[in-house]
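*Asks:* Grabbed the feature section from TrEMBL, which reads as follows:
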- 1-191: domain 'CheB-type methylesterase' (DOMAIN)
- Ser13: active site (ACT_SITE)
- His40: active site (ACT_SITE)
- Asp133: active site (ACT_SITE)
Amino acid sequence: MSDLKNIIVIGASAGGLAAIKELLAIVPENMPVAIFIVMHVAKVSSPQIIKTILEKHTSYNFCIPEDGETIREGTIYFAPPDVHMLIKPEQIRLINAPHENRWRPSIDVLFRSAAVAFNARAIGIILTGLLDDGTSGMQAVKRSGGICMVQEPVDAEFPDMPVSVLNNVDVDYRVPVAEMGYVLADIFSKPAASPAPVPEDIRIESEITERMTSNITDLEKIGTHSNYVCPDCGGGLWQIKNENGLRYRCYTGHVYTANLLLEKQNESLEESLWVSIRMMEERRNLQLNMASQQNGKDNNIQKDLITKAEELRIHIERLKELLISVHNNASTTDEGYL
């Protein structure tokens with residue numbers, strides 16, 4: 001492992017398969033490097049199919065790692081679905097920790113662990129993708145002395161992730177995928193970087209993911225308690241310090257950027273409104289059914305039931321208008337963060 005000059009960590013999401021194929025085809029050959037890739041895929045995806053597609057485009061060994069596997073020079077490691085991939089100085093860990101940024105594997109988790117284990121010898125590359133997974137991880141690489149490279153947004157099929165990184169990190173290289181091979185060749189032609197100190201908050205957060213549990217002491221070191229609750233488990237959220245942009249972590253281990261927290265809050269709000277509409281519809285239908293049973297009986301009871309059913313109809317229409325407004329507001333907010 002000590003012979004490795006650098007490691008490369010790559011993150012991609014929507015449109016990532018084509019971009020990764022193009023990049024792997026131009027990575028300089030015979031370099032003392034190991035490459036690690038996280039691409040957002042469904043948890044039912046077959047990693048072997050992805051391996052078959054990608055290994056045709058590189059001369060490096062290509063594998064889907066197992067937990068505890070030793071890191072080998074000249075090998076590309078593609079994260080399997082539904083587990084986080086972390087890098088240790090000598091081996092790979094696959095951890096079933098809570099989702100970060102709604103994904104497992106998460107790009108941030110990989111990059112953060114690379115920053116801790118290899119600091120100045122880590123090269124982070126963010127490719128095409130939606131939303132902003134990878135931004136915090138790239139900040140960790142940068143703060144630990146590593147090299148940051150991002151796909152030129154106009155070259156990306158989905159530019160959200162590259163744009164998010166550029167808005168929050170002073171990257172070293174901003175280039176189309178087709179030029180990344182030349183940049184890597186130039187980096188590899190220079191002497192290996194000396195080890196650099198890793199900020200404590202980055203190390204602590206990576207350790208939290210690896211051990212799959214938090215504690216209040218660690219959370220107080222890396223964040224401040226917020227007024228928000230985790231949309232997944234209902235626990236309190238801590239706002240992470242020392243980063244550009246807002247990011248939150250709960251005691252259980254769920255992690256959200258501000259954009260994704262807004263999205264989850266909107267989903268919860270819409271779900272609550274739909275439940276309210278359904279319950280009111282059921283109550284209204286029951287009142288009308290009860291009113292129909294009063295034909296030929298007490299007209300006052302029947303009129304009262306019909307009046308209450310009409311009031312509910314008005315409330316239901318207002319809730320539907322609110323639901324549309326909430327949805328439109330969420331769409332406008334999401335577009336503003338692209």
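From the backbone N, Cα and C atoms, a Cβ is placed for every residue, glycine too.
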*Asks:* Please list, in sequence order, the residues in the chain of Ser13 (active site) that are at least six apart in sequence and whose C-beta is under 8 Å away from its C-beta.
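*Replies:* In sequence order, Met39, His40, Ile107, Thr128, Gly129, Leu130, Leu131, Asp133, Phe158, Met161 meet the Cβ cut-off.
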*Asks:* Take every residue in the domain 'CheB-type methylesterase' (1-191), average their pLDDT values, and give the whole-number result.
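*Replies:* Value for the domain 'CheB-type methylesterase' (1-191), mean pLDDT as a whole number: 95.
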*Asks:* Counting other Cβ atoms within 10 Å, pick out the least crowded of the active-site residues His40, Asp133.
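*Replies:* Minimum Cβ neighbour count within 10 Å, taken over the active-site residues His40, Asp133, occurs at His40.
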